[in-house]
Every structure is written in structure tokens, then in C-alpha cells.
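The structure appears right after this line, and notes come after that.
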Amino acid sequence: LICVKEKFLFSETTETCPDGQNVCFNQAHLIYPGKYKRTRGCAATCPKLQNRDVIFCCSTDKCNL
């Protein structure tokens, strides 16, 4: 499985997930209205929601754009 680690305007950085991590995630944490900090990568399971977070999980290559 290949997940996006960072996304830029015209490019992206990817990572190959190790054995046992078969989920890609895209987590957006609200810093203040209109401003989010995004975290992307591989995980064994979908991360738990925390206060003011939005999380998207998927299991195909580069699905966490």
C-alpha cells in the first residue's frame, strides 16, 4: 500500500506502508476557524477522533489526498 505523506501544490511525497499497516489516513486538526493542520500517512487502524478533528481513512494506493 502506498500512502501520501505530504501534499504540495504541484507534487506529493509518498510512503510505502510496512506490513501490518494497511490503512491510509488524512487527518485535519482545526487550529482556528479556517486553518487546519493536516497529517497524512499509514496506520494499522483508522486513528481515533480527537477534539475538532476530521479523519478520512481508506485502503487503496494514494487514496488519502
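From the backbone N, Cα and C atoms, a Cβ is placed for every residue, glycine too.
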Using the record from Swiss-Prot, pick out the residue from CYS42, CYS46 that is joined to CYS17 by a disulfide.
CYS42
Out of the disulfide-bonded residues CYS3, CYS17, CYS46, give me the one sitting nearest to CYS63 (disulfide bond) by CA distance.
CYS3
CYS3 (disulfide bond) to CYS17 (disulfide bond): how many Å between their Cα atoms?
7
Give me the Cα-Cα distance between CYS17 (disulfide bond) and CYS58 (disulfide bond), rounded to a whole Å.
13
Helix, strand or coil by DSSP: which one applies to CYS24 (disulfide bond)?
strand
